[in-house]
Amino acid sequence: MERGKRQSDSEAAASSQSSHGGEEELIGSGSGLLYHERQRLQLCLLHALNNLFQDKHAFTRGDLNAIAHQLQLDDPHQENDKWWMLTLPSLVFKSHHNALTGNYDVNVLIAALEGSRHKKVVWHDRRTPAASIDLAAHDLMGIMLNTSVPRLRGLWTSRHWTALRNMHGVWYNLDSDLPAPQPFHHEIHLVSFLDDIVARGGEIFLIFNLD
């Protein structure tokens, strides 16, 4: 029986390929399992959302593409003449995402969470220290970060989405660029981390449950 349990735990912690192409992993065992999707292309918002919800089926690339497309259609600043939408650059670099790699913007994040998921996205004023955030608030589901990260050995930079969430009484950094979730063993470490994110030009978004 013990041998079977060890084998089961080992299988649960093994990496696998998710249905949308990203690497996923379950860390830990029993009720302490953490779901963690790894980076693929520029689909970091997709990975961050699934990591936030701890569910690989929370969102798909098709879901986010559909949201980005609807946002573009709803844009009141679009010109009536749509001929320019047929050009190659406009087909690849959509106003709210890159059609080839992903790279979704904050409007997609807000629409995804405040639409059918009954969440509230609140931007944290960067002029206010992170210590002002009530990390113990009962309705705080998690935190989303948007930062600038170097790619291709520093040849260019891109914006990157990261999810943070408190699970089993511990806050975790679920960054899809990390090999595994990174725990913050003390709240002061998380506060310092958030202040550093802002100091380096990043943005903090607090995700609240409305139910």
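Quick reminder: no glycine exception, Cβ is built from N, Cα and C everywhere.
Curation does not apply to TrEMBL; its annotations are automatic.
On a predicted model such as this, the values are computed, not experimentally measured, just so you know.
Annotated region 'Disordered' per TrEMBL: 1-25, in sequence order. According to TrEMBL, the feature compositional bias 'Low complexity' maps to 10-20. Marked as domain 'Josephin' by TrEMBL: 31-211. Annotation source TrEMBL lists active site at Cys44, His160, Asp175.
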When you measure from the Cβ of His160 (active site), which residues in the chain that are at least 6 apart have a Cβ under 8 Å away?
Cys44, Asn146, Thr147, Ser148, Val149, Asp177
What is the average pLDDT across the domain 'Josephin' (31-211)?
84
Where does Cys44 (active site) sit in DSSP terms: helix, strand, or coil?
helix
Which three-state DSSP class does His160 (active site) fall into?
strand
